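Worksheet for the structure shown next.
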Amino acid sequence: MAENRSKTPARKTPGKFKQPPKDPVKVFCRLKPLQNDGDISCLMATDTTITLVPPESCLQYRANNFKEYQYVFKQVFSESSKQKEVFDVVALPLVGDLIQGKNGLLFTYGVTGSGKTYTMTGEPNDGGILPRCLDVLFNSISDYQAKKFVFKPDKMNGFEVLSEVEAMLERQRELHGDLATGKNVKTPRSYTSVLAYVVLTDSSQLTSDGFEKLPDQIMKNSDEEIGFRIPDTTKITNLNDDNTFGVFVTYVEIYNNGIYDLLEDISDDILRNKSLQVKLVREDASRNMYVHGVTEVEVKSTNEAFQAFYKGQKRKRMAHTALNAESSRSHSVFTVRLVQAPLDCRGEAVVQDKRAICISQLSLVDLAGSERTNRTKNTGQRLREASNINNSLLTLRLCLETLRENQLQGTEKMVPYRESKMTHLFKNYFDGDGQVEMIVCVNPSVDDFDENVHVLKFAEMTQEVQVSRAAPLRVDLGLDLPKGRRNAYKNLEDLRREIENEIVEPNMNQPIYSLSGPFPCLELMNPNDSTIMDLTHFLELRIQRRQAMQEEIKKLEEEHIKRLMEADRDLVLLKQENSLVKQELISTNLSLENEQRKNVILENRLVEKDNLVACLQRQMNEQEKLLRSQELELQEKNIKIKQKAVEKEYVKQRCNDKIAAEKEKLSKEMETRVKEHQEQLQVAGNTNPAEKVTIIGKELKKVEDFSYIGSKITANGKIQEEIGQRIWKSGQFYHVVKDIIWRWNIGNLERSTGLEEEVRDDPQSLRC
């Protein structure tokens, strides 16, 4: 059998106009190892190429189409590739772009059971892309993280900057809330729980910068997967150390074309009787798409991020199918949002300006696998889920194909983002708001050959889509902030701490103070010695110096007392100011709580209105569908009516033609018979008139149309005589019959003069 290789031809983008720099969508391919050693593979792979060979069981082979399919990708990872290798090539550059203020989107795509979830999450001893991204991120920014609640979400896809006092109040409020709800403080799993643990045990374990210094066994998670996880030690050093960072994570799933928040603050007991609320996709002030009302959890370590991830995993919809024991029934989107802002000129606090915030995000999407019903044997709810999964993947394919067509042909067709919640949510990425990458997971088993053909064809086509290159966001507020201010302030604080902790040992041989020098010699050698005079003079000097020192001490005491009094006055004023500030703070908190309650009420109303609008929209769509169906039925009925009218006209025309032909035929027959009768009458010219009339009547009786008239003629002698005389006078049969009909008085036989023409044209009318 001769090989017939077919390769998708490369397409070149026409350069009609000068466009901004663009990068293609990077598509990588990863092969799943065969489950059994005896399984047969249907593909061959190189570093960048996949070649599919049709097995005997596939549709192409049965259709006598033996050509091989060849696909080219950015890089192909073989069955023996490690998770670390895949992460370093695919996701590590995205983490670097995230720290530099750029957005990123990473898909895992393939048929069900091809290893997408394994590639994304991995195992505890060999993490996938998601845990390694978190490890590298926190390894890089661990020394530059802001305290909790310095950055606070504003519920509109943005963030606010809080002062140190406001952030501390938020931390205390969260701590009191955890204690009030009775959360476990003995085995903490989050920053707040650890703080509660420290408060209830030993507060000395909390350092001045607000981070925990607890034993490792306390931070160990109860989940074995976190406790025995092997972290990635890679670190990115290319970052701005004059910025402070905050990390927020969200986790949503797209199930049956509805978005659900997997981190929503609702207990599992309530979830058993009540499902999660559907979230809406909205557009913020910067025209970026986001999930409205989604829970954004601030995390300070990889373990805290994993706590949020596993919380969502427990709520994610999974099911058993014929092809996969744990099949994802929804698309999951785990988003890491990195918030960074510059420090002030001293390198201590964050600049209190919302415009200085730089927000970047990395979305890791685990797409549900495309399914074929004849293989999965799905029915009921599983069949509906599979239908929605395939529809969303089809919409993604249509969007990418439309983008490629617009770029290649210069058209401006509308991209159908809104036909699916998934494409609507990631609209900004395809419009040039970040790097887009895709990992195509392929199962080389011969059973998946037909599905792999479509998956690899779509993946190769995706590489032709060009996405505008996103520049890193630079915020310039006109502030002349020196570079390296964080390190300079840190070095200054270290030096100050060393000076304060430095201990100087006093010299015990040197007096602390002295009234004078050493005493003179006190020995009297002779009576005239000046020793007593010298001693007297020495003592007088000591007394003078003592008095001077006492006066100086009094002055110092008075000054010290004055300072203490001033300090007391200042303290009283500060206490008054503090009480005023506390009152203002309490009133501000009350007003803020009122505003928050109002905001919650308005948001609930807005959600209700949005749900109502969505319901009305669905009803309107249903009515439009009904209207279109009725219009089609009306058109079909009009067409049928027109067809019936045409058929009726055709039948009428045929009937008229047939009637005309019958009339002509009868007319000819009557003329022929009339001529025969005239000839017979001429032959019997010498016959008695009465006998002639009798002959006429007999002849008329033979004719079906004149049998009645002939019988009357033969039965009445007077009429025979009259008809005979008339025949002798006129010699024409037609005139005789005309007079007979005209003067006939039997029954109610009366005719108008128009009957004359009818008899002449159509003898059949005599039947009337």
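Heads up, the Cβ atoms here are built off N, Cα and C, so glycines get one too.
Taken from TrEMBL as is:
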REGION    1-22  region 'Disordered'
DOMAIN    24-465  domain 'Kinesin motor'
BINDING   G110, V111, T112, G113, S114, G115, K116, T117  ATP binding site
COILED    539-687  coiled coil
(request) Specify the count of other C-beta atoms within 10 Å of the C-beta of T117 (ATP binding site). (result) 22
(request) Taking the Cβ of K116 (ATP binding site) as the reference point, list residues of the same chain whose Cβ is under 8 angstroms away and which are at least six residues distant in sequence. (result) T108, Y109, G110, D366, L367, G369, I439, C441
(request) Other Cβ atoms within 10 Å is the metric here; tell me which of the binding-site residues G110, G113, G115 scores highest. (result) G110
(message) Restricting to the coiled coil (539-687), what is the model's mean pLDDT?
(response) 86
(request) Could you tally the C-beta atoms, other than its own, that fall within 10 angstroms of the C-beta of S114 (ATP binding site)? (result) 28
